[in-house]
Amino acid sequence: MAFRRITLILLLSLLSFYSEIVKSQNCNCPPNVCCSQFGYCGTTDAHCSPTCRSGPCRGSGTPSGADAVGSIVTQGFFDGIINQADFCYIEELNGASRSFCNPSNRQYPCAPGKSYHGRGPLLLSWNYNYGQCGQNLGLDLLRQPELVSSNPIVAFRAAMWFWMKSVRPVLNQGFGSTIRVISSLECNGGNLNAVNARIKYYRDYCGQLGVDAGANVTC
(Lines of atoms letter the chains of each structure in order from A and count residues from 1; the text may use other names and numbers.)
(Lines give C-alpha, C1' and ligand atoms only; values in the text may rest on other atoms or scores of the structure.)
Protein backbone atom coordinates (compact mmCIF):
# COMPACT_ATOMS: atom_id res chain seq x y z
CA MET A 1 0.00 0.00 0.00
CA ALA A 2 2.81 2.41 0.89
CA PHE A 3 4.48 1.72 -2.47
CA ARG A 4 1.25 2.50 -4.31
CA ARG A 5 0.87 5.78 -2.45
CA ILE A 6 4.43 6.80 -3.26
CA THR A 7 3.80 5.86 -6.91
CA LEU A 8 0.73 8.12 -7.00
CA ILE A 9 2.65 10.97 -5.40
CA LEU A 10 5.43 10.68 -7.98
CA LEU A 11 2.97 10.72 -10.87
CA LEU A 12 1.09 13.71 -9.43
CA SER A 13 4.35 15.56 -8.93
CA LEU A 14 5.48 14.95 -12.50
CA LEU A 15 2.17 16.02 -14.01
CA SER A 16 2.04 19.18 -11.89
CA PHE A 17 5.60 20.15 -12.74
CA TYR A 18 5.08 19.73 -16.46
CA SER A 19 2.07 22.01 -16.34
CA GLU A 20 4.47 24.82 -15.41
CA ILE A 21 7.10 24.27 -18.11
CA VAL A 22 5.19 23.36 -21.24
CA LYS A 23 3.30 25.40 -23.79
CA SER A 24 -0.36 26.25 -23.44
CA GLN A 25 -2.67 25.68 -26.37
CA ASN A 26 -4.70 28.69 -25.17
CA CYS A 27 -7.79 27.13 -26.77
CA ASN A 28 -6.83 28.34 -30.25
CA CYS A 29 -9.42 26.07 -31.83
CA PRO A 30 -10.98 26.80 -35.24
CA PRO A 31 -14.47 28.33 -35.40
CA ASN A 32 -17.30 25.93 -34.49
CA VAL A 33 -14.82 23.59 -32.78
CA CYS A 34 -14.91 23.04 -29.02
CA CYS A 35 -11.97 23.44 -26.67
CA SER A 36 -12.44 20.72 -24.04
CA GLN A 37 -11.95 21.28 -20.31
CA PHE A 38 -8.47 19.77 -20.75
CA GLY A 39 -7.44 22.08 -23.60
CA TYR A 40 -8.00 19.87 -26.67
CA CYS A 41 -9.82 20.87 -29.86
CA GLY A 42 -12.57 18.65 -31.24
CA THR A 43 -16.26 18.26 -32.03
CA THR A 44 -17.18 15.09 -30.12
CA ASP A 45 -19.44 15.09 -27.06
CA ALA A 46 -16.34 14.65 -24.90
CA HIS A 47 -14.82 17.84 -26.34
CA CYS A 48 -18.10 19.80 -26.31
CA SER A 49 -19.40 18.76 -22.89
CA PRO A 50 -20.94 21.41 -20.59
CA THR A 51 -17.51 21.88 -18.98
CA CYS A 52 -15.68 22.74 -22.21
CA ARG A 53 -13.77 26.03 -22.25
CA SER A 54 -15.02 27.54 -25.49
CA GLY A 55 -16.91 26.81 -28.68
CA PRO A 56 -20.35 25.19 -29.14
CA CYS A 57 -20.38 23.34 -25.79
CA ARG A 58 -23.25 20.90 -25.44
CA GLY A 59 -24.25 17.74 -23.56
CA SER A 60 -21.71 15.23 -22.30
CA GLY A 61 -21.10 11.75 -23.65
CA THR A 62 -18.56 9.29 -24.95
CA PRO A 63 -17.30 9.48 -28.54
CA SER A 64 -18.44 6.63 -30.71
CA GLY A 65 -15.82 3.93 -31.06
CA ALA A 66 -13.44 5.44 -28.49
CA ASP A 67 -12.96 5.52 -24.75
CA ALA A 68 -13.35 8.79 -22.89
CA VAL A 69 -10.37 10.24 -21.06
CA GLY A 70 -12.22 9.49 -17.83
CA SER A 71 -11.93 5.77 -18.50
CA ILE A 72 -8.16 6.10 -18.51
CA VAL A 73 -7.63 8.66 -15.75
CA THR A 74 -10.56 9.04 -13.37
CA GLN A 75 -12.31 12.28 -12.53
CA GLY A 76 -11.14 11.82 -8.95
CA PHE A 77 -7.55 11.89 -10.18
CA PHE A 78 -8.12 15.19 -11.97
CA ASP A 79 -10.03 16.69 -9.05
CA GLY A 80 -7.13 15.98 -6.73
CA ILE A 81 -4.61 18.06 -8.66
CA ILE A 82 -6.57 20.37 -10.96
CA ASN A 83 -6.09 23.38 -8.67
CA GLN A 84 -2.33 23.21 -9.09
CA ALA A 85 -1.92 21.79 -12.58
CA ASP A 86 -4.99 23.14 -14.46
CA PHE A 87 -4.08 20.78 -17.34
CA CYS A 88 -3.95 23.60 -19.88
CA TYR A 89 -0.39 22.87 -21.00
CA ILE A 90 0.21 20.04 -23.42
CA GLU A 91 3.37 21.00 -25.33
CA GLU A 92 6.90 21.93 -24.34
CA LEU A 93 7.84 25.59 -24.15
CA ASN A 94 9.44 26.56 -27.47
CA GLY A 95 9.61 22.86 -28.26
CA ALA A 96 8.80 23.25 -31.94
CA SER A 97 11.93 25.36 -32.37
CA ARG A 98 13.97 22.16 -31.99
CA SER A 99 13.39 18.87 -33.78
CA PHE A 100 14.53 16.53 -30.98
CA CYS A 101 15.68 14.17 -33.70
CA ASN A 102 18.58 11.81 -33.05
CA PRO A 103 19.71 10.82 -36.57
CA SER A 104 22.02 8.14 -35.21
CA ASN A 105 19.00 6.11 -34.11
CA ARG A 106 18.24 4.22 -37.30
CA GLN A 107 15.65 1.92 -35.76
CA TYR A 108 13.29 4.86 -35.34
CA PRO A 109 14.22 7.32 -38.13
CA CYS A 110 12.83 10.84 -38.07
CA ALA A 111 10.18 11.73 -40.62
CA PRO A 112 10.90 14.78 -42.80
CA GLY A 113 9.58 18.00 -41.33
CA LYS A 114 8.45 16.46 -38.04
CA SER A 115 9.39 17.64 -34.56
CA TYR A 116 9.65 15.27 -31.64
CA HIS A 117 9.54 17.86 -28.88
CA GLY A 118 7.78 17.18 -25.60
CA ARG A 119 4.05 16.53 -25.89
CA GLY A 120 1.36 15.17 -23.60
CA PRO A 121 1.11 14.90 -19.79
CA LEU A 122 4.66 13.54 -19.39
CA LEU A 123 6.25 15.36 -22.34
CA LEU A 124 7.16 12.47 -24.59
CA SER A 125 10.34 13.58 -26.40
CA TRP A 126 12.83 12.36 -29.04
CA ASN A 127 12.22 10.23 -32.10
CA TYR A 128 13.25 6.97 -30.43
CA ASN A 129 10.63 7.43 -27.69
CA TYR A 130 7.93 8.36 -30.20
CA GLY A 131 8.92 5.33 -32.27
CA GLN A 132 8.85 2.87 -29.38
CA CYS A 133 5.65 4.32 -27.96
CA GLY A 134 3.90 4.23 -31.32
CA GLN A 135 5.00 0.65 -31.84
CA ASN A 136 3.54 -0.29 -28.47
CA LEU A 137 0.26 1.55 -29.12
CA GLY A 138 -0.10 0.43 -32.72
CA LEU A 139 0.32 3.96 -34.08
CA ASP A 140 2.83 5.58 -36.44
CA LEU A 141 3.93 8.34 -34.10
CA LEU A 142 7.10 8.94 -36.11
CA ARG A 143 4.97 10.25 -38.98
CA GLN A 144 2.23 11.68 -36.75
CA PRO A 145 3.91 12.85 -33.52
CA GLU A 146 1.30 15.60 -33.16
CA LEU A 147 -1.24 12.95 -32.11
CA VAL A 148 0.33 12.98 -28.66
CA SER A 149 -0.91 16.54 -28.13
CA SER A 150 -4.01 16.64 -30.35
CA ASN A 151 -5.67 13.36 -29.33
CA PRO A 152 -6.47 13.09 -25.60
CA ILE A 153 -6.65 9.29 -25.65
CA VAL A 154 -3.26 8.98 -27.33
CA ALA A 155 -1.83 11.63 -24.99
CA PHE A 156 -2.61 9.68 -21.84
CA ARG A 157 -1.80 6.30 -23.34
CA ALA A 158 1.62 7.68 -24.29
CA ALA A 159 2.11 9.09 -20.79
CA MET A 160 1.21 5.78 -19.18
CA TRP A 161 3.50 3.93 -21.58
CA PHE A 162 6.45 6.15 -20.64
CA TRP A 163 5.63 5.88 -16.95
CA MET A 164 5.54 2.07 -16.99
CA LYS A 165 8.58 1.69 -19.26
CA SER A 166 10.95 4.26 -17.78
CA VAL A 167 9.73 5.69 -14.49
CA ARG A 168 8.16 2.83 -12.56
CA PRO A 169 11.33 0.65 -12.61
CA VAL A 170 13.27 3.29 -10.63
CA LEU A 171 10.62 4.23 -8.06
CA ASN A 172 12.39 2.31 -5.30
CA GLN A 173 15.51 4.41 -5.91
CA GLY A 174 13.90 7.66 -4.77
CA PHE A 175 12.33 10.68 -6.43
CA GLY A 176 15.69 11.93 -7.67
CA SER A 177 16.04 8.87 -9.88
CA THR A 178 12.73 9.65 -11.58
CA ILE A 179 14.01 13.14 -12.40
CA ARG A 180 17.13 11.64 -13.94
CA VAL A 181 15.07 9.25 -16.07
CA ILE A 182 12.71 11.93 -17.34
CA SER A 183 15.05 14.88 -17.77
CA SER A 184 18.66 13.95 -17.12
CA LEU A 185 19.93 17.28 -18.46
CA GLU A 186 18.48 19.00 -15.39
CA CYS A 187 20.61 16.89 -13.04
CA ASN A 188 24.12 17.58 -11.74
CA GLY A 189 23.48 21.32 -11.77
CA GLY A 190 22.07 21.43 -15.30
CA ASN A 191 18.88 23.23 -14.24
CA LEU A 192 18.67 23.58 -10.48
CA ASN A 193 15.48 25.66 -10.57
CA ALA A 194 13.63 22.97 -12.51
CA VAL A 195 14.83 20.24 -10.15
CA ASN A 196 13.77 22.26 -7.11
CA ALA A 197 10.33 22.86 -8.65
CA ARG A 198 9.85 19.11 -9.10
CA ILE A 199 10.94 18.43 -5.53
CA LYS A 200 8.57 21.08 -4.18
CA TYR A 201 5.56 19.45 -5.86
CA TYR A 202 6.66 16.04 -4.64
CA ARG A 203 7.08 17.13 -1.03
CA ASP A 204 3.80 19.04 -1.09
CA TYR A 205 1.94 15.89 -2.14
CA CYS A 206 3.78 13.79 0.42
CA GLY A 207 2.64 16.23 3.09
CA GLN A 208 -0.96 16.18 1.90
CA LEU A 209 -1.05 12.37 1.91
CA GLY A 210 0.86 12.02 5.14
CA VAL A 211 3.79 9.96 3.83
CA ASP A 212 7.54 10.36 4.14
CA ALA A 213 9.30 11.76 1.07
CA GLY A 214 12.16 9.33 1.57
CA ALA A 215 15.82 9.72 0.70
CA ASN A 216 17.42 10.64 -2.63
CA VAL A 217 14.89 13.27 -3.64
CA THR A 218 17.31 15.22 -5.82
CA CYS A 219 19.67 14.46 -8.67
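We count from 1, first residue shown onward.
A Cβ is built for glycine as well, from the same backbone N, Cα and C atoms used for every other residue.
Cys41 (disulfide bond) carries a strand DSSP state (E or B). Per TrEMBL, the feature disulfide bond maps to Cys29-Cys41 (among others).
A C-beta separation below 8 Å, combined with a sequence spacing of at least six in one chain, links Cys48 (disulfide bond) to Cys34, Ser36, Gly42, Gly55, Pro56, Cys57, Arg58. Per TrEMBL, the feature disulfide bond maps to Cys34-Cys48 (among others).
The disulfide bond feature in TrEMBL is assigned to Cys101-Cys110 (among others). Listed in sequence order, the residues of the same chain lying 6 or more apart from Cys110 (disulfide bond) and placing their CB within less than 8 Å of its CB are Ser99, Cys101, Asn102, Pro103, Tyr116, Asn127, Leu142.
Listed in sequence order, Gly176, Ile179, Arg180, Val195, Cys219 are the same-chain residues at least 6 apart in sequence whose CB falls under 8 Å from the CB of Cys187 (disulfide bond). What TrEMBL records for Cys187-Cys219 (among others) is disulfide bond.
Residues annotated as domain 'Chitin-binding type-1' in TrEMBL: 24-59.
For 1-24, the entry in TrEMBL reads signal peptide.
Summary: among the disulfide-bonded residues (Cys29, Cys34), the fewest other C-beta atoms within 10 A of the C-beta are counted at Cys29. Cβ contacts within 10 Å of Cys41 (disulfide bond), excluding its own Cβ and spanning all protein chains shown: 17.
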